[in-house]
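Presented below is the structure to which this report refers.
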Amino acid sequence: MTFAELVDRVGSKGPFQLLHTVLLGLPILGMANHNLLQIFTAPTPAHHCRPPPNASAGPWVLPTGLNGKPETCLRFVYPPNASLPNDTRGATEPCLDGWIYNIVDRDSIVTEWDLVCSSSKLKEMAQSVFMAGILVGGLVLGALSDRFGRKPILIFSYLLLGASGSGAAFSPTFSIYAVFRFLCGFSISGISLSTAILNVEWVSTRFRAIKSIAVGFFYTFGQFILPGLAYAIPQWRWLQLTVSVPFLTFFLLSWWLPESIRWMVLSGKSSKALKTLRQVAIFNGKKEEGEKLSLEELKLNLQKEISLAKARHGIADLFRTPVLRRVTLCLSLAWFATGFAYYSLAMGVEEFGVNLYVLQLIFGGVDVPAKFITMLSISYLGRHITEGIVLLLAGGCILALIFVPLDLMTLRTVLAVFGKGCLSGSFSCLFLYTSELYPTVIRQTGMGASNLWARVGSMTAPLVKITGELQPFIPNIIFGTIALLGGSAALFLPETLNRPLPETIEDIETWSLRAKEPKPEPEAEKSSQRIPLQPCEPGPGPS
């Protein structure tokens, strides 16, 4: 009996699983708000230099740019030099007295701390700091999760996100705000890692994909909620606080969640694991089945996993053989390209000149059909074809934005939305594809290393946007080219459709060699080719 069959005995699709999914999914919904929060807490409104004290705002104070609008980062020197001829343009200087912002409906960290002109890089830096927190959190909390358990790390991460998110709302300076945002990203890694493991443990094998997709849709719905919250709460501090406080509630509710049964058995806590299984059986109305379970049966069902856990494998094993080297390098590039390009579009909503709230709803909504189409494609066309196509299409859309004039806002928006949908599909495909390509003995290591590259990409994306100050088209060239390279690399990966999962490193080597061998002609087909033709009996005519 396998562990999945053991879960079936205590109930794998009962009320416990429903409540378990909701309790894990609601924080994921809130996590989407934090990931995309800077879209609404850091928009840059139209602005120009504040005139010097006691000076009128005449044309000699605010120089006019080529577009006929006031310069955003320069003003005329005051008082003007009277010795200059009338046709001479006056000398200019930076905005020494601050800026005037065209604030229509909301404030932001940009308007509060003047993150414009020479300080505009700090806005992108804030998002990179947040992504760096996710990167560091994945490295630190992943290791702590293996040592102390999934549940303690999840509980700690809920508390840390609620506290650090609330702290960011009360930050007196940008530096303190950045520190709290780093901690927010750090805690988000703990939530996503622990949720991914706990989510699929309490269902049978055939329902794992459904439960995984169900929790994934909580993130999509979170993208719908954020624009509504931002529209109702125009003050960035209150918005930051609103999306953070619920995690203090999740912290209290998470004590009800059970620890990973596998982790408890592998950590020598089999008695506690058995007690948890019996509690789940009672909750699902299968008390008698729960009482029949024994410690010996539980250990026997997890004997294989216990043996695999004793074998030590590390990052170096991802490069041990030629096939694994190819898989690791191609997957790393695909993950990096996806995270890199995804956040370039997701965080660039305000660049398309469309209503910020409406466009974010569209950006969130495109994930629904994108994930559905991706699931159909990977089930029929295969994994590497699907992954290659969606990344190539995304790269093409980003590069096409270079050639579309700024006044064609509808076309630019369509390209961006389509590209973002392709990248969302790429994430969905990669999570499944990566788990199928790596053998069981290094699967968790491979997943962690691959996901790390997505975090590096998402952390780098805001910094690349700064190159737009040199030429507006440079960021899109970089984002689009990397996406094309990632899509091309995916095409060199072996196909996993309808193949059993490899258990050992030797399995994937043998598996790859078999894929290169010509398929033998089925015996039934050979026989059918040798069947002699027989005369057909005339059938009955129409009555």
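If you go along the chain as it appears here, the first residue is 1 and each next one adds 1.
Cβ coordinates come from backbone N, Cα and C, glycine included.
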In Swiss-Prot, GLU124 and GLU350 sharing a membrane side: yes
Candidate set ASN81, ASN86, annotation N-linked glycosylation site, source Swiss-Prot, matching residue: ASN81
Remote residues contacting the transmembrane segment (213-233) - C-beta distance under 8 A, at least 6 residues beyond either end: 21, 24-26, 28-33, 36-37, 39-40, 106, 195, 199, 239, 242-243, 356-358, 360-361, 363-365, 367-368, 371, 375, 428
Chain residues in Cβ proximity to the transmembrane segment (182-202) (below 8 Å; excluding those fewer than six residues from its ends, i.e. six or more beyond): 7, 12, 16-17, 20-21, 24, 27-28, 31, 34-35, 129-138, 140-142, 145, 150-151, 153-154, 156-158, 160-161, 164-165, 167-168, 208, 211-212, 215, 244, 257-258, 260-262, 280
Within the topological domain 'Cytoplasmic' (377-388), residues counted as helix, strand or coil by DSSP: 10 helix, 0 strand, 2 coil
DSSP helix/strand/coil residue counts for the topological domain 'Cytoplasmic' (434-472): 34 helix, 0 strand, 5 coil
Interface-richest range of 22-42, 125-145, 329-349, 473-493 toward the transmembrane segment (389-409), CB pairs under 8 Å: 473-493
Cβ contacts under 8 Å made by the topological domain 'Extracellular' (234-237) with residues that lie 6+ beyond its boundaries: 40-42, 105-109, 112, 169-170
